[in-house]
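S.K.: To start, I am sharing the structure in question, which I have written as structure tokens.
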Amino acid sequence: MERLGFWGLLMGSVEKSLDSGNSLACSASAKNGDEESSTSSKQVSPLKGSGSRNTSPLGRVGSRNTSPSRQKVVKTKPRGLEEETVASFGKQVVADVQMEDGIWAMLPEDLLNEILARVPPFMIFRIRSVCKKWNLILQDNSFLKFHSNVSSHGPCLLTFWKNSPQIPQCSVFSLPLKTWYKIPFTFLPPWAFWLVGSSGGLVCFSGLDGLTFRTLVCNPLMQSWRTLPSMHYNQQRQLIMVVDRSDKSFKVIATSDIYGDKSLPTEVYDSKTDKWSLHQIMPAVNLCSSKMAYCDSRLYLETLSPLGLMMYRLDSGQWEHIPAKFPRSLLDGYLVAGTQKRLFLVGRIGLYSTLQSMRIWELDHTKVSWVEISRMPPKYFRALLRLSAERFECFGQDNLICFTSWNQGKGLLYNVDKKIWSWISGCALQSCNSQVCFYEPRFDASVL
């Protein structure tokens, strides 16, 4: 009967979603973005599948509800993950669907697991509270098998920060659902401070445990983590993590830091051997940024002397220089990895605040040169960076590029393929010490 009660709730919610359209999130909407590209405050119902299209005029991208009387905000605290806010509209209430005991009480386990595997990952935490058996659903091999074969939920933004007294906080913004979710992060050790990045459902952190530089990998949805063995050289390094889903393994690459010892060899951790291996020392170069980009089994860094890029081949463990000169008057630049072999350079151009602009280039591997592919519209640039001296952060995944600045409580998202700019707002982006990266929620990503 516990299962039956949940299916009545689940099916009734789906029916309501189909009849009344999708609800909108109550995260603060950016007012200076034009209506054709604003996505900051729209919410797709968490019961709707990833990538589903919103056909409701109120929930369609680019529309805003400007009438306060049409919207009623209801604070909620769902079980497990806490959804920030939910906005409900005065529409016709549909009665709960009546379920037949003889059908739903005898649902085969394999069919049940296949259905649950298609539920958005953040809803699984609510499902776990239905009964003791479902509380162990994440350890069920049958469920994990179905989950691994289902298409990805879609890209998310993971923000991490620490409140006083150093309590870790984490929120995830689902781009398909247009909703913020809070994830408990108290399972992390206190020394985990720097967010290295995310890949394939895993998130990597580093920090100083006393005088020892340590690295850990965790799965936020599974609340599981483990500390990696110590590197051969105990010094803070630039790190990047890559996951290979085909053999369920991951690697962490440690290179020379922009301010660190340049004579240290490159180290690579392989989860299959649980060891760090030593590789070629990066040739003597003057790095101009601590940001790295990984695509097509290659790691890229920016260099000033010699001018261009340093590329590390993960398969051979060798470094080589690429003489790709940067665009003229480039003030600051970030390397961003796209899909397949695409490598982007994002940065500001200009000498004075009135002449500055944000541009995006793509590396032409054949001609070894940067080709401009897009420019940030002036209104977005002025809203993102109100002062010419303001710093910004930039990161990307799957041809999506996200911009954040230190004095803004919102992020700017650019879709390279669709050429669409859109704002992302929410309380998780308002913390001055928050660290952000793209994140793919997965239950089958193992830290072992």
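Each residue, glycine too, has its Cβ placed from N, Cα and C.
Heads up, here are the entries from Swiss-Prot:
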type: REGION; residues: 19-79; note: region 'Disordered'
type: COMPBIAS; residues: 19-30; note: compositional bias 'Polar residues'
type: COMPBIAS; residues: 51-70; note: compositional bias 'Polar residues'
type: DOMAIN; residues: 101-146; note: domain 'F-box'
type: REPEAT; residues: 201-245; note: repeat 'Kelch 1'
type: REPEAT; residues: 298-339; note: repeat 'Kelch 2'
type: REPEAT; residues: 342-390; note: repeat 'Kelch 3'
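Describe each of these features in terms of where it is and what it packs against.
M.R.: The predicted model assigns the domain 'F-box' (101-146) a mean pLDDT of 81.
Listed as Cβ neighbours of the repeat 'Kelch 1' (201-245) (distance under 8 Å, sequence separation of 6 or more from its ends, same chain) are residues 121, 124, 138, 158, 170, 172, 183-185, 187-189, 191-195, 251-258, 260-261, 264-265, 267, 269, 274-276, 278, 290, 292, 294, 299, 314, 437, 439-448.
Within the repeat 'Kelch 2' (298-339), the DSSP-based counts of helix, strand and coil residues read 0 helix, 27 strand, 15 coil.
In the repeat 'Kelch 3' (342-390), helix, strand and coil residues by DSSP number 10 helix, 22 strand, 17 coil.
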S.K.: How does the repeat 'Kelch 1' (201-245) divide up by DSSP, counting helix, then strand, then coil residues?
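M.R.: Once the DSSP states are binned, the repeat 'Kelch 1' (201-245) shows 0 helix, 27 strand, 18 coil.
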